[in-house]
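J.: Shown below is the structure under consideration.
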Amino acid sequence: MQAYQRDFIRFAIERGVLRFGEFTLKSGRTSPYFFNAGLFDSGLALARLGRFYAEAVIDSGIDFDVLFGPAYKGIPLAATTAVALAEQHQRDLPWCFNRKEAKDHGEGGTLVGAPLSGRVLIIDDVITAGTAIREVMQIIDAQGARAAGVLIALNRQERGKGELSAIQEVERDFGMPVVSIVSLEQVLEYLVEDAELKKHLPAVEAYRAQYGI
């Protein structure tokens, strides 16, 4: 685990974004942990989050021309990542996002920001079922651009209905990498090292044994 990954997990726990206990997921599974990126909900938290995304962008080595934030949750994530890449890594890159509804006045269309062209890095919080990413791929294709990869905050590393995770299905179907700031593997490492949170380790390990990939 890299230093920025450890710092991100600590930050997510401090903000209440990553919590341990008993949670019912949309899938119906009872999970021993829950991740809600919507709780990075202050200016300072968003600025810091962008720096973690930027670190993961650099770490991934993915070659791309433009950042894309899918509506709605991906919009502030792409914006703060673009700011952090420029300020922390001297990489001033274009970014854009889509609207869910097309406008018939002003700039029109469903895309806002820089042109969606060349190699596109998609920025989002998590991939649950992969439905949102499939919609994004249609937007990218329609612009004649191509997806270079996807960056998310957390990879839960768990199976969907079949043997693969939604992330593995996206990688297989579109031939592109999906990378994350951290995965469940790093969360487990963090729990091992943290005296106070170690008590949650057996439940998380049992969950991974049942649903992990």
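Quick reminder: no glycine exception, Cβ is built from N, Cα and C everywhere.
Residues annotated as 5-phospho-alpha-D-ribose 1-diphosphate binding site in Swiss-Prot: Lys26, 72-73, 99-100, Lys103, His105, 124-132. Swiss-Prot lists Phe34, Phe35, Thr128, Arg156 with the feature orotate binding site, giving sequence analysis as the kind of evidence.
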J.: Using C-alpha atoms, which one of the binding-site residues Lys100, Ile127, Thr131 comes nearest to Phe35 (orotate binding site)?
T.: Ile127
J.: State the count of C-beta atoms found within 10 angstroms of the C-beta of Phe34 (orotate binding site), not counting that atom itself.
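T.: Its Cβ has 15 other Cβ atoms within 10 Å.
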J.: Which has the fewest other Cβ atoms within 10 Å: Lys73, Lys100, Arg156, the binding-site residues listed?
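T.: Among the binding-site residues Lys73, Lys100, Arg156, the sparsest Cβ neighbourhood within 10 Å belongs to Lys100.
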J.: Just how many other Cβ atoms lie inside 10 Å of the Cβ on Phe35 (orotate binding site)?
T.: 19
J.: Give me the non-local Cβ neighbours of Thr131 (5-phospho-alpha-D-ribose 1-diphosphate binding site): same chain, 6+ apart in sequence, Cβ-Cβ under 8 Å, ordered along the sequence.
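T.: Listed in sequence order, there are none.
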J.: Based on Cβ atoms within 10 Å, give me the single least packed residue among the binding-site residues Ile127, Ala129.
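T.: Lowest Cβ count within 10 Å among the binding-site residues (Ile127, Ala129) is Ala129.
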J.: Between the Cα atoms of Lys100 (5-phospho-alpha-D-ribose 1-diphosphate binding site) and Thr128 (orotate binding site), find the distance and write it as a whole number of Å.
T.: 19
J.: Specify the count of other C-beta atoms within 10 Å of the C-beta of Asp125 (5-phospho-alpha-D-ribose 1-diphosphate binding site).
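T.: So the number of other Cβ atoms within 10 Å of Asp125 (5-phospho-alpha-D-ribose 1-diphosphate binding site) is 20.
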J.: Identify, in sequence order, the residues in the chain of Thr128 (orotate binding site) that are 6 or more apart from it along the sequence and have a CB within less than 8 Å of its CB; answer 'none' if there are none.
T.: Lys26, Ser27, Ala166
J.: Which whole-number value in Å describes the distance between the Cα atoms of Arg156 (orotate binding site) and Ile127 (5-phospho-alpha-D-ribose 1-diphosphate binding site)?
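T.: On Cα coordinates alone, these residues lie 9 Å apart.
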J.: Take the C-alpha atoms of Ala129 (5-phospho-alpha-D-ribose 1-diphosphate binding site) and Phe34 (orotate binding site) and report the distance between them in angstrom, rounded.
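T.: Per the Cα atoms, Ala129 (5-phospho-alpha-D-ribose 1-diphosphate binding site) and Phe34 (orotate binding site) stand 16 Å apart.
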